[in-house]
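Novice: This is the structure I have questions about; it appears just below.
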Amino acid sequence: GCELTASTKSYTFQVDKEDDSDHILALSVVCLTDGAKDECNVVEVIGRNHENQEIAVPVANLKLSCQPLLSLDNFKLQPPVTFRLAAGSGPVHLAGWHQIMHREDASFEEDDDLSEEEELPPIMPAKK
């Protein structure tokens, strides 16, 4: 997780460029924490689209008196990604999880037992 405030308006999550694993970052909850004012706090996610252009998308608009917490149901993102407090002074806490999927060696051989099909006995009509 991370916390965005008036003094720390952004946080970037990135992985090592030499890492050939697949990474998924999932955002679960965005919430206001102690000391938040009753003002609109807009959190944006800044990433890259399929054309590798930077895009910013607002994902939460929190206000202490009406919506202090938002569940994002594991909103999946591909690093690198930046979270930015676009409006308000926070503090806003972001929580989620990071999954690393190691790529398997593509030169493995299939197990013969799994590739052979079992022959099933023929279906017989029911006896009356």
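Any Cβ shown, glycine's included, is placed from N, Cα and C.
All annotation found in TrEMBL is predicted automatically rather than curated by experts.
What TrEMBL shows for this protein is this:
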type: COMPBIAS; residues: 107-120; note: compositional bias 'Acidic residues'
type: DOMAIN; residues: 1-99; note: domain 'Nucleoplasmin core'
type: REGION; residues: 105-128; note: region 'Disordered'
Novice: On average, what pLDDT score does this prediction assign to the domain 'Nucleoplasmin core' (1-99)?
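Specialist: Mean model confidence (pLDDT) across the domain 'Nucleoplasmin core' (1-99) is 91.
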Novice: Sort the residues of the domain 'Nucleoplasmin core' (1-99) into helix, strand and coil with DSSP and give the three counts.
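Specialist: Result for the domain 'Nucleoplasmin core' (1-99), in helix, strand, coil order: 0 helix, 61 strand, 38 coil.
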